[in-house]
Amino acid sequence: MKKFYIAANWKMNMNRAEAKQLATEMKAGLKDGKNKYMIAPSFTLLQDVASVLKGSNILLGAQNMGLEEKGAHTGEVSVLQLLDVGVQAVILGHSERRHIYKETDDLINKKVKLALKHGLEVILCVGELLEEREAGHAEAVCERQIKKGLAEVSAKDLDKVTIAYEPVWAIGTGKNASPEDADAIHSSIRKTLAALYGEKAAKNMIIQYGGSMKPENAAGLLKKHNIDGGLIGGAGLKTETFLPIALFSE
């Protein structure tokens with residue numbers, strides 16, 4: 001049976017007590033789960049959540065990281081600091097980082113290479129704006145973001161890389177691509193990966209869907225051939241909405 005990768009991006013939500021409570025509930029709910037799981041809390045919550053998840057089947061993720069190991073980078077958190085609190089994976093290139101904080105493909109690529117250098121798993125987010133989709137450029141945008149985001153990343157590091165497709169127009173809007181539309185873009189992404197790394201490597205890579213996945217639409221999306229998991233935002237903030245997605249195939 002196909003193993004899915006379901007990740008919860010908590011974004012800028014919760015205090016320490018709330019985060020520990022939710023992590024505890026998710027740990028209990030997923031303890032017998034057969035899929036791959038990750039939780040990405042805010043930086044200030046990482047240590048508390050790490051203490052809850054220790055020894056569990058849930059990876060501890062970060063939502064971003066700085067582009068250098070240390071030094072004069074006010075407000076940034078380095079890969080070494082993330083490792084120090086037990087982080088195992090990091091989300092890079094999220095649409096909010098690209099479009100609100102103006103992170104470029106080149107900057108994201110530097111972070112990807114730095115994370116992989118230190119052994120972190122990476123979820124590289126790609127996706128188009130509404131105007132790009134309406135102009136028929138969705139596939140080209142994703143292709144560019146993948147090629148630039150993975151520049152100088154070797155095939156041997158691909159087992160630590162996941163691609164998350166985020167149609168930007170569906171993030172936090174309640175809108176979502178149809179399963180057929182999402183699968184078509186995922187197929188295009190896999191073709192791009194095949195051109196870069198070969199058919200076998202592309203077939204083995206995980207491509208998550210990250211556009212307002214929720215219990216009501218998760219099964220329809222995850223049953224599609226090229227959709228291998230979900231990067232979950234709002235539905236990842238409550239066990240009653242996250243667990244049905246995380247356990248849908250069981």
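The backbone N, Cα and C atoms fix where each Cβ goes, and this holds for glycine too.
As recorded in Swiss-Prot, the features of this protein are as follows:
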ACT_SITE  HIS94  active site, electrophile
ACT_SITE  GLU166  active site, proton acceptor
BINDING   ASN9, TRP10, LYS11, GLY172, SER212, GLY233, GLY234  substrate binding site
Counting Cβ atoms within 10 Å of each candidate's own Cβ, which of the recorded positions LYS11, HIS94 comes out highest?
HIS94
Applying a 10 Å Cβ distance cut-off over all chains shown, what neighbour count does the residue listed as 'active site, proton acceptor' have?
24
Please report the Cα separation of TRP10 (substrate binding site) and the residue listed as 'active site, electrophile' in Å, rounded to an integer.
13
Name the secondary structure element type, per DSSP in three states, that contains LYS11 (substrate binding site).
coil
For the C-alpha pair, I'd like the distance in angstrom between ASN9 (substrate binding site) and HIS94 (active site, electrophile), rounded off.
10
GLU166 (active site, proton acceptor) and GLY233 (substrate binding site), Cα-Cα, nearest whole angstrom:
11
Helix, strand or coil at GLY234 (substrate binding site) [DSSP, three-state]
helix
Pick from ASN9, SER212: which of these binding-site residues has the biggest number of other Cβ atoms within 10 Å of its Cβ?
ASN9
Integer Cα-Cα distance in angstrom, SER212 (substrate binding site) to GLU166 (active site, proton acceptor)
9
Cα distance, the residue listed as 'active site, proton acceptor' to the residue listed as 'active site, electrophile', nearest Å?
8
Mapped DSSP class for SER212 (substrate binding site), helix or strand or coil:
coil
To the nearest whole angstrom, what is the C-alpha distance linking GLY234 (substrate binding site) and GLU166 (active site, proton acceptor)?
14
Count of other CB atoms lying within 10 Å of the CB belonging to GLY233 (substrate binding site):
22
If you measure GLU166 (active site, proton acceptor) to LYS11 (substrate binding site) at Cα, how many Å is it?
15
